[in-house]
Every structure is written in structure tokens, then in C-alpha cells.
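What TrEMBL lists as transmembrane segment is B:27-56, B:62-86, B:98-118, B:153-169, B:175-193, B:214-242, B:262-285, B:297-314.
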């Protein structure tokens with residue numbers, strides 16, 4: 001196996017007296033399907049923010065494809081191939097899906113500062129938008145302002161947007177959160193169809209989703225990495241059952 | 001255009017290109033504006049003021065409407081553009097078009113230098129920093145009386161545009177046409193910019209700065225860029241104002257200039273580029289009519305209008321107008337607010 | 001946008017088309033441009049009231065013409081003044097422009113007066129050089145050298161040796177400082193310090209503190225109409241009156257508009273000016289009475305009388321041209337015109353088109369329970385010394 | 001030298017009283033009220049007119065100069081302002097500029113364009129000499145009154161139950177409501193106090209600035225905003241320090257280096273905001 005796609009080395013984050021993240025180290029291999037679970041308040045969001053560069057760690061390093069990106073800005077990390085989705089939709093309410101995706105693609109191929117060419121007049125960009133739209137089944141709503149989309153469709157757009165940056169590592173923050181039952185299947189299908197070469201870290205509460213999707217699971221408790229392993233091992237782990245699985249009534 | 005293969009691709013192309021073509025109503029708008037200048041030569045001075053105020057409000061639309069940034073200091077750029085053009089003219093240097101370029105560049109440069117001040121702090125801090133900068137510049141102009149004429153202002157005469165069209169009192173229609181041409185060219189540029197990837201990125205920053213950053217957009221630099229462009233537009237408006245009135249005075253830097261520009265933009269509606277021009281026309285014509293009737297108390301009515309506008313709700317007002325428009329002009333309703 | 005645009009276009013066109021004032025051939029429009037809102041609004045009010053009083057007293061018909069007075073608010077902004085002047089000339093066919101509250105505003109309209117050959121009657125702005133900016137400018141107010149130089153002469157004659165000058169830092173202030181200073185020093189006096197206060201400055205305390213430290217015999221002051229009261233009060237607050245420092249200046253600082261309300265702080269201030277509401281003449285008594293009656297007791301100041309005289313000048317000129325309202329004819333008629341104003345005998349200098357008038361030295365005193373500038377010396381027929389020196 | 005320092009403190013205190021109401025509404029309630037100066041104007045007029053028309057003594061008019069704008073504030077708050085609490089800063093700015101534009105012609109129409117003076121009683125006029133330092137009596141009075149107001153406000157906001165309720169209401173109106181705090185009432189009272197303080201400031205300032213006239217609401221708007229911005233969102237103390245800093249720098253600047261006097265306050269503000277966008281004395285949370 002080559003070097004990890006994303007690596008955390010001894011990440012620490014202190015907010016005043018609170019130690020939100022306590023020496024977390026793990027590695028995400030290229031093409032991995034890994035899940036990060038943990039009870040509420042375990043520090044999952046803080047960890048994501050540390051990885052994506054929204055906040056800077058008190059100690060430790062983030063390494064992306066072998067490059068130490070601890071000091072690199074969030075938007076620059078995106079260009080280096082680290083992308084994410086948000087637990088609460090972070091979309092552009094008055095832009096259409098086509099525009100949102102076109103924007104993300106232009107930004108990726110560095111034509112985003114172009115102020116002369118009309119957006120979307122390049123065939124390559126149109127083709128890529130088309131690819132993403134069809135892959136996520138957004139054809140019917142693609143020219144409607146995002147805020148008018150059904151919630152499930154918005155969740156799909158959330159993932160499509162992250163994918164438009166062509167990441168090598170994708171952090172999915174509770175992609176199914178709040179999606180009504182009848183639209184869940186679309187999300188699951190979309191996750192299953194994600195490009196195999198992209199390393200994915202799934203942060204999720206929904207254990208069904210975690211156990212169908214992930215081949216490896218990390219458990220975060222109180223800012224520390226409690227354990228890590230394949231789904232069967234985790235499911236059997238007494239400590240995990242005690243702090244986490246028991247709460248949700250999962251067996 | 002490439003021949004897109006699938007139906008979906010064609011729809012995508014059509015969707016992205018939908019605003020590129022000038023719609024009939026837009027062409028009517030500009031022809032009507034031109035027609036107004038030609039039809040009312042005796043009101044050329046008023047129309048000229050509207051055109052310039054429209055350009056100034058357009059410059060505000062670039063930052064407020066496109067990027068969602070509030071400023072109370074746009075007068076700084078108006079003043080710098082005006083004084084740059086005025087100083088050039090008072091030294092008998094070159095054609096008005098040169099003064100226009102210098103005014104816009106000077107203001108743009110100032111915008112570029114002060115833009116980083118916008119990147120920190122909340123809206124209030126932004127309002128105050130921009131206001132502070134413009135007041136400081138006003139004081140600087142006051143103190144540099146050897147160059148700017150200080151509190152007495154600067155009077156000068158202007159050579160004809162391109163050596164052909166005099167723009168003094170005898171050529172007042174030329175002046176309005178000159179301003180109109182500049183407004184149209186800069187508007188077309190702004191229209192283009194709004195549809196470009198850069199314009200889309202600004203929309204993204206305005207709509208959701210967090211996500212814009214998460215898509216790899218360097219939000220800070222984009223804001224600096226649009227602020228610089230906006231400053232240059234305001235500078236051009238200032239240069240036009242100086243050249244067509246052939247006087248500059250310190251009140252160009254005043255708080256009320258920025259506030260008036262903001263009012264015009266809001267009256268006309270921010271974000272679709274025509275708002276500033278329409279708002280300027282409404283504001284100035286209204287002010288002219290009301291203040292002719294009651295020169296002491298016209299401010300009251302403008303204030304009342306403003307209060308009503310906010311209480312009824314700008315958004316709601318616009319929705320009402322759009323839904324009406326939908327009856328007359330079905331396509332307009334689909335435009336959304338982007 | 002669409003519905004809005006079309007309604008707007010119709011409305012705009014209607015407004016633009018409808019606005020030319022009922023212009024029949026027999027009417028003569030006088031465009032009066034004044035700051036009616038903003039910090040100089042009180043100047044505008046006095047001027048407008050003065051002009052309207054004249055119309056009311058003399059009717060709107062002269063030499064067979066109907067006079068239309070169109071008052072416009074320029075908010076004190078020069079580019080607006082210019083636009084309004086252009087509009088009045090081009091659209092309302094104004095035969096004369098009048099008003100102009102501040103020097104930059106008067107200068108803004110000068111090129112239009114020249115190009116359109118329309119007389120510009122300056123009834124407020126007082127920088128000496130204004131009338132040189134266009135051969136069509138005529139002035140009925142005053143110039144600062146006209147009032148400052150006599151003030152210096154009076155000070156010299158009355159034992160004042162050391163003076164600090166405080167002026168507002170713009171055209172008129174610089175004029176006042178220069179002409180007072182030159183005259184005073186030529187006569188053997190000493191100017192200890194020349195202070196210029198910024199135009200936008202409600203607090204004179206730091207500057208007056210400098211005066212207190214300098215301990216002069218007198219302080220000479222020019223502040224624009226409206227700033228007089230704050231200056232006076234802070235002068236007393238610093239204890240400068242008790243320290244024996246005389247307050248002298250041009251009449252702006254003891255403006256009649258404010259004097260009644262300034263209070264006893266103003267008592268004893270000596271100023272030189274061309275008009276006081278207390279001027280003792282039948283013309284003035286009638287003027288003041290009529291003005292106060294028409295304006296709810298507001299006392300007329302030198303702005304009101306200048307606007308009143310501006311109207312008077314137009315009427316007299318129209319009579320002389322027998323109704324010919326063309327600019328050059330009016331201008332020719334105005335040059336050399338002389339008449340008796342509420343302020344005393346005045347005339348228009350045919351060479352400089354500036355006003356020639358008496359300058360009075362006055363002292364603030366309490367008469368009939370109210371404060372007035374009581375005149376006690378007259379310097380007759382003063383020409384503007386700035387231009388007189390050139391000719 | 002000491003006189004200048006004292007004048008600066010007095011000027012700063014005056015700025016503080018003018019701006020303290022604004023710092024309450026802006027800093028605590030997050031409402032950008034550009035019409036604040038209009039309330040100051042009302043206070044100034046109340047004092048001037050009571051003295052002129054009814055011959056009321058100066059001191060007696062001061063409570064009225066607080067109460068009238070405060071009542072006006074409550075009325076406007078209940079009818080108009082409250083609709084805009086959640087609105088964008090832009091809407092608040094436009095709305096309150098609209099109110100200013102309406103207030104000025106109303107004052108002009110009723111009371112005329114010329115400035116109305118406040119006549120100080122004899123015991124407040126002139127100056128006295130303390131150890132050779134010339135001190136204006138009225139400025140001394142201002143320092144005393146304003147200092148007392150600052151202290152009272154600080155106690156009111158920090159020590160009283162009302163203050164705690166207000167802070168809770170500002171932090172999260174829904175939670176505060178849930179705790180049984182009458183948020184509407186708290187905001188109305190706070191707004192009234194802010195307006196009343198503006199009025200009192202207007203009445204106290206009238207003598208120093210040459211009377212009250214219809215352009216008063218705009219004349220001091222910028223200075224008041226600067227005080228609040230420099231002071232930061234930490235309520236009263238920030239505004240007090242901001243005002244004193246500005247007052248001293250402004251007066252000293254005009255005395256020692258008159259040629260650049262007017263630059264100083266703008267320069268200080270911009271520099272402050274560059275270094276600390278939340279103001280000098282902020283709570284540190286970026287709002």
C-alpha cells in the first residue's frame with residue numbers, strides 16, 4: 001500500500017480549559033471507506049475542522065498525500081484534494097445546482113478568477129456538470145434555485161458539490177442527517193456510487209449506514225480515539241458497546 | 001459553442017448562457033434612456049446627474065449586490081476620482097477621457113489598498129472603517145489646499161471630449177451623452193463580470209461564505225478584487241461628475257454622498273445591476289420635483305419613503321413587483337434573485 | 001424590473017416634460033439657488049424670506065413683466081448648485097440667477113452666467129474675488145475686505161496694539177485675516193498670532209485657549225453666520241472678557257439672526273458691518289417691521305437685506321430696460337445703479353460690479369430688552385478694497 | 001496644559017453622554033440606530049424651549065430632557081423599531097436614516113432653522129481658577145454629571161437584576177423568554193433609557209456646541225458612531241474610555257497641532273479597527 005491519503009499525527013486542540021481533541025492519530029488510505037463514530041460531544045466536529053483547516057490545532061500535524069498541510073489555509077487544502085460536506089446544508093440558496101457545480105468546477109481548474117468569459121461556455125465544464133448532475137439524479141431540478149429543492153435533493157447536491165472539487169479525500173459529515181425515509185435510498189445509492197479511488201471518511205450517527213458503508217471504523221470518545229478496526233471487531237468491542245452502541249440500542 | 005451531445009448538456013449550456021443575451025426589455029431600457037437625453041435637451045443637466053448617480057450606485061451594487069458587502073465609504077472613491085480628474089483638468093492636461101481613466105485608476109488603487117480593511121470584523125466595523133477612510137480623505141483634501149483648493153473647491157474648464165465635443169454649458173447635451181456612453185460601457189462590463197466564473201464566485205461568497213471557502217474559493221482575494229473594481233467604478237463616476245460640472249468641492253467626501261448612493265441602490269433593488277440606475281432616476285427626479293415644491297422640507301418626504309420601504313420590506317416589495325412582472329412578462333419571474 | 005421599468009419610463013418622461021414653469025412670454029423667472037437644508041439652512045431661510053418680502057411688497061409685475069421667483073435647494077453642494085443653475089437657465093429660461101450661500105457655490109455658477117450671458121446676483125457669499133470670476137456676476141451682499149479693513153482702522157484708533165485673529169479656514173476667512181492683518185500692521189499694530197479654525201468645528205475651546213495664553217488686547221474674529229453664538233459663549237467661558245480682551249470682528253459673529261438668543265455673552269462686542277437690524281432709518285424701520293410680521297417675529301439679518309436688495313436691483317434694472325430681460329441689457333442696467341436700501345445708500349460699482357456701501361462700526365447693546373448691534377460710527381461709501389487696490 | 005487636558009476630558013464626557021445611549025442599543029441590543037442624534041436633538045430642544053417659553057431653571061429642565069425623548073423612544077420602539085430587531089444591518093441603517101431625514105424638516109418646520117440657545121445660570125457661567133488652572137464651571141459640571149451617569153449606568157447594567165435579564169435577552173431571546181423574562185418589556189425599557197440619555201446629552205451639549213438646530217442629528221452622528229466603534233461592544237465602560245480618548249486627543253490635537261487637528265479622531269478610529277475590529281474593549285466574540 002502506498003502512503004496514506006490523509007493522516008492525523010497527534011492532533012490536540014484546547015479551547016480554554018477544555019481539551020476538545022486529545023492526541024488523535026489515524027491514517028486514511030487511498031480509496032478507503034472509513035467511518036468515524038462517537039457519542040454527542042465526542043469532538044467529531046472539532047476533528048473535522050482541524051483536518052480541513054477551519055481551525056488550527058494547538059499541537060500536532062495534518063498530512064495530506066505526504067505533504068504537511070498544518071499551516072495551509074482551508075481553501076488551499078481544497079485545491080490539494082481535501083474536500084468535505086456539512087452536517088447542516090451549506091449551499092447557495094439562490095444559485096441553481098448547475099451554477100453551484102459550475103462554480104466549483106471552475107474554481108478547481110483555476111478559471112474561477114476569470115471575469116471575462118461567461119461562465120459555462122467551455123465544453124469541458126459543461127460535460128463535467130452533466131456528469132455530476134446525472135450521477136446524483138438531479139436532472140429534473142438542475143435549473144431551479146437551490147432553496148426550492150426537496151431536502152433530500154439538497155443533501156445530494158451537498159455531496160455533488162464536494163465531489164466537484166475532485167477530491168482525493170472526502171469527509172462526509174452526517175450525509176443522511178434529517179433525510180426523510182423515502183429519500184434515504186437515494187443517499188445510500190449515491191454513497192455507494194462514489195468514485196472508488198477517493199478516500200472517504202464518514203462521520204455518522206446512523207449505525208445502519210455506517211455498517212453498510214464502512215470497511216473500517218474509528219471510535220472517538222471525549223476527544224480521544226478509543227479504538228479502530230473492521231466493523232465486526234467494533235461491533236463486538238465491549239468498551240464501544242458500553243459508551244456508545246448501548247445508548248442507541250444497537251446490538 | 002461546442003455542439004453538446006446530450007439533451008441534458010444542451011439544457012445546462014442554455015441555462016448558463018441564459019443571461020448572456022441582451023433581452024428585449026434591456027435593449028428597450030437603454031434606447032429609452034438614450035431617447036430621453038435626445039428628447040429633453042433642456043433637462044440635460046438633470047439627466048446627466050442621474051446618469052452619474054446611476055453609475056455611482058452601480059459601483060455600490062458591485063460590492064453590495066454581488067458580494068454582499070456593506071460600505072458607507074463609497075464617497076471616498078467618488079471624491080478621489082473627481083479630484084484626480086479635476087486636478088488634471090485644472091493643469092490643462094489632456095482630454096476628458098484621460099481624466100476619466102486616471103480618476104478610475106486612482107480610485108481603484110485606493111480601493112485595492114484599503115480593501116484588506118474589509119476582511120476583518122463585522123458589518124458595523126466595515127461601515128465605520130469605510131466611513132472613516134472617506135472622512136480622512138475629505139480632511140486630506142481640505143488640508144492640501146495648494147492642490148485641491150481646500151474648502152473653496154476647485155473650478156476649472158474642460159477641453160472637449162476627444163477634441164470634438166465641448167461639454168460645458170453650451171454642450172450640455174454632449175455632457176449627458178458622454179456620461180451615458182461611459183455608463184453604458186461600464187455597465188456592459190459589469191454585466192459580463194456578473195456572468196463570469198468570477199461573478200459566480202462572488203455570488204457564492206455572498207450566499208454562503210463558509211461553503212465558498214470549502215469549495216476552494218480564496219474568498220479574501222475575491223473580495224479585494226471586486227472592491228477594487230467597485231472603487232474604480234465610483235472613481236469613474238466622480239471623474240464624470242467633476243468633468244461635466246467643472247467644479248469639485250469637499251462635500252464629495254461627505255457621509256451623505258455614500259448614504260444617497262446606498263438609498264438609490266436600495267430603492268431600485270440590489271443585485272441585478274439595473275437597480276442603481278433605476279433608483280438614481282427615481283430618487284433624483286423625485287427629489288427635483290419635491291424640492292421644487294418645498295425647498296425646505298423635501299427631506300421629510302424622502303425619509304418617509306425610506307421608512308415605508310424598509311417597513312413594507314424590500315424583499316416583499318420586490319416579490320410583488322416580480323409577480324406582477326410575471327403576468328406581463330412570464331420569463332422574468334424565473335429569473336430569481338441571483 | 002420590467003413592470004417597474006416601463007412605469008418608471010412613463011413617469012420620468014411625464015415629470016421631465018411637465019416641469020418647465022408656466023413660461024409665457026411675459027414672465028421673467030428669477031432662479032434663486034440657496035442652501036435650504038443642511039448646516040447653512042438658516043442662511044437660506046433668511047434669503048428666501050427677504051426675496052419673498054420684496055415680491056409681496058412690490059407686486060409681481062414690473063415694466064409689464066410678471067416676475068416668477070423659483071427657489072431651489074442646493075444643499076450646500078457645489079455640483080448641485082451648478083446643475084440647478086444650468087437647469088434654471090436652460091429649462092426655466094431664468095433671466096437672472098440669485099442667492100449662493102457660500103463661496104464655492106457662487107463660483108460654481110460663474111461659468112454658466114458667463115456662457116449663458118445671464119446675470120448672477122450674489123446675495124450672500126462674501127469672498128472678494130468672486131465677482132472677478134465672471135463678467136456677469138453682480139453682488140448685493142458685501143465683501144470681507146470691505147468690513148475687515150475698517151475694523152482694523154477703528155482698532156488702531158482706539159488703542160488696540162496686539163491682536164490675535166481667529167478665522168474659519170476658507171475663502172472669506174482668509175480674506176478677513178489678510179485684510180484685517182495688513183491694514184492693522186500698516187497702521188503700526190501687531191498681529192500676535194493668526195489662527196485658522198476648520199470649517200466643520202463646533203468646538204472653539206482649544207483655539208480660544210491659545211488666545212488666552214497669548215494675552216492680546218483684542219481678538220479679531222470671522223466665523224460664518226451661525227457659528228457666532230458658540231464662539232461668543234466660549235469666549236466668555238474662557239474668562240477672556242474678564243481678562244480685558246476685546247472682541248472685535250466683522251458682523252458675522254454678531255449676526256442679527258442669532259444675536260437675540262446669544263445672551264449677555266455678546267454684550268460689548270465691537271464689529272464692523274454693512275447692516276444691522278437696528279440701523280436708524282425710516283426705510284429700515286419699515287423693512288424690519290414688515291419682515292418680522294411676515295416671518296413670525298424672525299429678525300432680518302444681513303442675508304435677508306441682501307436678498308431684498310437683490311430683488312430690488314432686478315426690478316430697477318427691468319424698469320430701466322423697459323422690460324428687456326436679456327442678460328446683457330439687465331447687466332448694463334445694473335452697473336452703476338444706486339438706491340436707498342434699508343442698510344443706507346448703496347450703489348453697484350460699474351467697474352467691479354460689486355456693491356459700494358457704508359460700513360458701520362457697531363457695539364452690542366441691550367435696547368428695549370433685546371440685544372442689538374448699535375451703530376456708533378459710519379465710514380461712508382466703502383468700495384471693496386481688494387479690487388479697489390487693483391484698479 | 002492641564003486646562004487642555006481638562007477640556008479634553010470634559011469634551012469626552014459630553015461625547016460619552018451623547019453616545020452612551022447608542023452604545024446601549026448598538027452594543028447590547030445589536031441595533032444600528034443612526035437616528036440616535038434625533039433623540040439628542042429632542043432633548044436639546046426640550047431644555048431650550050422650556051427655558052425660553054416657560055422660564056424654567058436649567059437644572060429643572062434636565063429631567064424633562066431625559067423623559068421626553070425616552071417616552072418618544074418607547075412609542076417609536078413599540079410601533080416601529082421592534083419590527084427591525086432581527087433585520088439586516090442594511091435595513092436598520094436605511095430605516096434610521098429615513099427617520100433622521102424626517103426629523104430634521106419637522107424641527108425646521110416647527111422651530112425654524114436658526115439655532116436655539118440654552119442659557120446657563122450664572123453659577124455655571126465663566127470659569128474658576130484651581131491652583132492656577134483655568135477651569136470652566138460648566139465643563140466641570142458636565143464632568144460631574146456625566147461621570148455620575150456613567151457610574152449609574154454601569155451599576156444598572158452589571159449589578160441589577162434588570163441588567164442580567166437584558167444580557168440574557170440579548171444573548172438568546174428565545175431562551176430568555178423561556179426563563180420567564182419579558183424580553184419585549186426589557187428591550188422597550190432599554191431603548192427608552194438609550195433615547196433618554198441621548199436627550200440628556202443633547203441638552204447638556206447644546207451650550208457647548210452653539211445651540212440646537214435642525215441639523216443636530218447629523219452633526220454629531222459621526223462622532224457618536226466613532227465613540228461606540230472604538231469603545232467596542234462591551235457596553236458602557238468601552239464607550240466611556242472611547243469617548244475620553246477621543247475627547248482628549250481631539251482637543252489636544254487642535255491646540256498643539258491645529259493644522260492636522262481634524263484628522264486625529266478619524267485616524268484613531270481606523271487604526272483601532274485595523275488592530276481590533278471589535279473595538280478596544282470588546283468581549284472578544286466576533287459578532
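In case you wondered, yes, glycine gets a Cβ from its N, Cα and C as well.
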Using Cβ distances below 8 Å and needing 3 or more such pairs, separated by at least 6 in sequence, tell me whether the transmembrane segment (B:262-285) contacts the transmembrane segment (B:62-86).
yes
Against which stretches of its own chain does the transmembrane segment (B:62-86) lie, if we need a Cβ under 8 Å and a gap of at least six residues from its ends?
56, 96, 99-100, 102-104, 106-107, 110-111, 114, 118, 123, 126-134, 137-138, 141, 148, 154, 156, 190, 193-194, 199, 202-203, 205-207, 222-223, 226-227, 229-239, 241-243, 247-248, 252-255, 257-259, 261-262, 265, 270-273, 275
With Cβ distances under 8 Å as the criterion, find the stretch in B:27-56, B:98-118, B:214-242, B:297-314 that has the most pairs with the transmembrane segment (B:175-193).
B:27-56
Surrounding residues of the transmembrane segment (B:297-314) on its own chain - C-beta under 8 Å, 6+ positions past either end:
263, 266-267, 269, 283, 286-287, 290-291
Same-chain residues at least 6 beyond the ends of the transmembrane segment (B:27-56) with a Cβ under 8 Å from one of its Cβ atoms are 74, 78, 172-173, 175-177, 179-180, 182-184, 186, 233-234, 236-238, 240-241, 244, 260-261, 264, 274, 276-277, 279-281, 283-285, 288
Could you tell me what the rest of the chain brings near the transmembrane segment (B:98-118), counting residues at least six beyond its ends with Cβ under 8 Å?
69, 71, 76-78, 80-82, 84-85, 88-89, 126, 129-130, 133, 137, 182, 223-224, 227-236, 238-240, 242-243
